[in-house]
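Per Swiss-Prot, these features apply:
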type	residues	note
BINDING	113, 132, 133, 134, 135, 136, 137	S-adenosyl-L-methionine binding site
């Protein structure tokens with residue numbers, strides 16, 4: 001799978017791509033990321049990419065010409081592309097969209113803005129706008145890396161163990177279950193006995209139950225289209241939680 005990133009900070013992108021799961025996937029040829037320095041597509045000796053906004057106002061706006069030149073250049077190879085603008089106005093990125101992108105045959109090209117944004121005429125060059133959340137960042141580089149990382153880890157061979165990505169949070173509609181490793185006990189906190197039992201069926205049920213518990217407590221909005229078995233587990237959890245609340249309410253208070 002091929003990604004492209006248009007940015008004024010190519011070293012920012014390239015540094016991240018050297019490490020971790022994404023770095024290994026690139027070394028194995030599972031994915032490819034081409035980074036383009038927007039300043040290479042300017043026409044003045046100062047390699048200027050921004051200017052004052054028409055109508056006044058604070059900050060600077062990125063000019064359309066460098067983006068236009070860069071996009072025309074990369075399109076000259078004739079490959080099919082989906083050009084994506086990273087923008088707080090875009091569609092919210094999530095795990096479902098990451099999975100959809102893994103099936104995309106086109107090159108995914110990410111446009112990274114800076115300053116107060118990009119000249120509105122950039123919209124005539126893009127296919128889609130994507131946001132990673134309702135907050136303000138200094139530029140589109142972090143969102144581009146978030147999306148690339150999220151997609152790459154879903155590609156066959158990227159994680160080594162194919163079950164790893166299947167069991168990630170959100171892949172089955174829930175948050176993840178708790179994870180433990182050695183030592184069995186740390187400062188009085190023990191690993192749940194069920195995980196040491198070797199009974200894989202019971203462990204799977206425990207993990208499903210704990211994933212539902214975490215989702216119910218932290219992201220109840222994700223609890224949709226539950227199976228009958230999940231509904232049964234959820235009802236048991238609700239009874240358990242309500243019982244705990246009542247017990248806590250009746251505990252004596254020491255003044």
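Cβ coordinates come from backbone N, Cα and C, glycine included.
Fair warning: this is a prediction, and the values are worked out from it, not measured in the lab.
It is 133, among the binding-site residues 113, 133, whose Cβ has the fewest other Cβ atoms within 10 Å in the structure shown.
Between the farthest pair of Cα atoms in the S-adenosyl-L-methionine binding residues (113, 132, 133, 134, 135, 136, 137), the distance is 16 Å. Residue environment of residue 132 (S-adenosyl-L-methionine binding site) contains 20 other Cβ atoms, counted within 10 Å of its Cβ in all protein chains. The Cβ of 136 has fewer other Cβ atoms within 10 Å than any other of the binding-site residues 136, 137. Here residue 135 (S-adenosyl-L-methionine binding site) comes close to 88: these same-chain residues lie at least six apart in sequence, with C-beta atoms under 8 angstroms from its C-beta.
Cβ contacts within 10 Å of residue 134 (S-adenosyl-L-methionine binding site), excluding its own Cβ and spanning all protein chains shown: 7. In this structure, residue 137 (S-adenosyl-L-methionine binding site) belongs to neither helix nor strand by DSSP; it is coil.
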